[in-house]
Amino acid sequence: MERANETSPVMGFTLLGLSAHPELEKTFFVLILLMYLVILLGNGVLILVTILDSRLHTPMYFFLGNLSFLDICFTTSSVPLVLDSFLTPQETISFSACAVQMALSFAMAGTECLLLSVMAFDRYVAICNPLRYPVIMSKAAYVPMAASSWAIGGAASVVHTSLAIQLPFCGNNIINHFTCEILAVLKLACADISINVISMEVTNVIFLGVPVLFISFSYVFIIATILRIPSAEGRRKAFSTCSAHLTVVIVFYGTLFFMYGKPKSKDSMGADKEDLSDKLI
């Protein structure tokens, strides 16, 4: 009976959000709401423009349109929940809703990792092999590239979410986060999570390590090619086609490495500060 009580299924979770720091809630509610509105407006306009303007029916703008749609989906999978957590102290979420939110966020993050790699390859071919660009980056090539990014990100999400929801959760059902972030959920399991940890490490290599190496090597060749362009105007124009992508890569992968790549503090005070910084990042 005691064992049964310990492993009784959890019907829902409580999201702490910033309830331990109420002085920050109003400020972050306004900031995140403004950022979310800018994301919806900016990406929505970019998608419309790339669809309506036939001159932009090129691989680069096709990938940008995918990235814009992805960013709308990615932020919408979590931001409304984050905003609600600022208004509702210790908000509750059902187990099934938590699983769906976790799956969507993970799928979008994985897809973005791969899509940014594909975009780096597109820029590499455009700058380093411009004469072969129309052949290499034909519609028969770039559409499957984007579709594969979505499919692989979705498949990885299904695997990790399935492994997570099969775990027994007993007693403590408080998630120290704004959303059902997978690492925060795994901390609540009352069973061995070594399989989950190993699968996460493999995923980190596939979605973080390999893409970052690929993007880095691509930009080494891109920069070397740009520096060989004789005119300053030519160098500026070539680099301008990469600058936005490079900025997104730095911001996106920088935050992911900060949250998932750094060693965790074993000190309780340090862990509390770490949890707060991870949530804000």
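First residue shown is number 1, and so on along the chain.
Note that Cβ sites are derived from N, Cα and C of the backbone, with glycine treated the same way.
Record features, source TrEMBL:
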TRANSMEM  28-49  transmembrane segment
DOMAIN    42-260  domain 'G-protein coupled receptors family 1 profile'
TRANSMEM  61-83  transmembrane segment
TRANSMEM  103-121  transmembrane segment
TRANSMEM  141-159  transmembrane segment
TRANSMEM  205-227  transmembrane segment
TRANSMEM  239-260  transmembrane segment
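Counting residues 6+ beyond its ends, the transmembrane segment (141-159) has Cβ neighbours under 8 Å at 59, 62-63, 66, 103-104, 106-115, 118, 121-122, 199, 203, 206-207 in the same chain.
For the transmembrane segment (103-121), the most Cβ-contacting stretch among 28-49, 205-227, 239-260 is 205-227 (pairs under 8 Å). On the 0 to 100 pLDDT scale, the domain 'G-protein coupled receptors family 1 profile' (42-260) averages 88 in this prediction.
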